Amino acid sequence: MRHAHTVEQVRAAEADLMAKLPEGTLMQRAATGLAVAISNFLGYTYGARVVLLVGSGDNGGDALYAGQKLARRGAEVTAVLLSDKAHRAGVAALVAAGGRAGSPEEVGSVAAIAAADVVVDGIVGIGGRPGLKPEALATVKVATDHQVPIVAVDMPSGVDVDTGETPAEHVQATLTVTFGTHKICHFVDPAAAACGPVHLVDIGLELPPAPVASLQAADIRDLYPVPRGESDKYSRGVLGLMAGSSQYPGAAVIATSGALAGPIGMLRYVGPGKVADAVRAAHPEIVAGEGRVQAWAIGSGLGDELDIGKVRELLDAEEPALLDADGLKVLDESGDHTDVLITPHAGELSRLLGVERGVVEAERLRHAREAAERFDVTVLLKGSTTVIATPDGQVRVNTNATAWLATAGAGDVLAGLCGSLLAAGLTPLDAGSVGAYLHAAAARLAAADGPATAMQVAGKVAEATRLLLRRDHGDPR
Ligand SMILES: NC(=O)C1=CN([C@@H]2O[C@H](COP(=O)(O)OP(=O)(O)OC[C@H]3O[C@@H](n4cnc5c(N)ncnc54)[C@H](OP(=O)(O)O)[C@@H]3O)[C@@H](O)[C@H]2O)[C@@H](O)CC1
Ligand SMILES: [K+]
């Protein structure tokens, strides 16, 4: 599991550790990790042309000391000081190592940046407000116009660190090097999309529990409900799927494909006779009609045939349920729904919350949390990074998606798969986060060489799961 902490938590941990260490130790640890990451990124150091964009805080200090270390190894380092309060000892150290430092005019920042092999963004870090001042923005624009890669120190300057929002201008990084722990902006879009890959440098911080986490391959191995010797089709879990309509029969077939690719032992399909025929033709292993189930997945493609009374009844029953698409229409703020998982996209969540879609997209974490609290459900907000929030305030973010996943029916596959995980006994939080991870991993396999349809994604879920469950090469569990 990767964890993201708030600025307040990082500051407290930093203060605790600094009290035990000689002054400047943490910055030196950060700068060393940063210098190594920049060298690795470039593939060489000697003769590399490095430009540092340096703001008024310690983020700039990290950049300056990293620049000192690179200059000592033969890099040609220029620091563009964007504030007259730039870290003084850092500037002196860089200059003593043979680097140059001065205001944009003094160092000829435009020419230096245009000719650079890499630009290091030390404008602001965790002390920054969103947005960039005009002078900083101008230097960043030169780098962007000349396609010079930008390595962000801690985070791309200008993003909102604790929310992942980007209400104003910000740096678009090629790589981000962060310290101690991930920050929320590294996981949550739109800021996460501005980070590039994020490299974490350990500086020895001791941190409290994190408010936001992100599953990794090893977590999927730990959480996936692998059948045991004594398992039968019922104990593996039976899912009831209510999806599809005469208007959208395909949604039932696609959601079924997602569900059968998950861990359940059996799937009961509940829907119109003709749609059931289509589902059976595609998947002879399904059982049509109601019966005992361990969880329900309701909503994909129900259209006008949504039976609100029936769905409410199922929601009030003791089995956990997943609501998607049209099924979301039955959700209200009354009642205890802690065993319900909903899987809206930004448009659907915006309708539930009565706000504009663009606002949900810009403030994904905030709105996922708000909906979880308001409707007392676990919310999986789909998107390039998927946010999963529980009514008791836990958040997981899934970051392994591929843009190829933006295809019709992909949401139906996800609903079926997450429903399958719910029926196999996972909590709504685990079912949502494991489902989102496997769905994205399957999409990566399906779309390795180009576009893929939702059915092709569903067709790769089993292979993605198999690869993830392997403990070592060639040894499937
Ligand atoms: N924590 C740790 O464990 C470690 C932290 N370390 C490093 O320290 C960094 C945090 O340093 P920090 O606290 O000095 O804050 P930082 O973000 O550099 O500057 C804030 C100042 O910038 C200004 N400013 C604000 N917004 C702005 C904007 N949009 N555009 C322009 N300027 C803006 C504002 O000053 P003002 O303009 O108001 O005078 C504010 O005071 C952290 O990210 C990491 O890199 C490592 O060295 C070691 C371990
Ligand atoms: K930065």
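Note that Cβ sites are derived from N, Cα and C of the backbone, with glycine treated the same way.
Owing to the predicted nature of the structure, the values given are computational and were not obtained by experimental measurement.
Binding of AMP is attributed by TrEMBL to LYS382, GLY383, SER384, THR385, THR386, and the same site annotation extends, among GLY354, GLY411, GLY416, to GLY411. Together with ASN59, ASP121, TrEMBL lists one candidate of SER83, SER157, SER214 for binding K(+), that being SER157. A separation of roughly 21 Å, to the nearest angstrom, links the Cα atoms of SER384 (AMP binding site) and SER157 (K(+) binding site). For ARG129 ((6S)-NADPHX binding site), no same-chain residue that is 6 or more apart in sequence has a Cβ closer than 8 Å to its Cβ.
For the binding-site residues ASN59, SER157, THR386, GLY411, a Cα-Cα cutoff of 10 angstroms around ILE126 ((6S)-NADPHX binding site) retains ASN59, SER157. For the binding-site residues listed here (ASP58, ASP121, ASP154), the lowest count of other CB atoms within 10 A around the CB belongs to ASP58. Put simply, HIS345 is the one of the binding-site residues ASN59, ASP154, SER157, HIS345 whose Cα lies nearest to the Cα of THR385 (AMP binding site). The binding-site residues recorded for this entry are ASN59, GLY61, ASP121, and the Cα of ASP121 lies nearest to that of GLY383 (AMP binding site).
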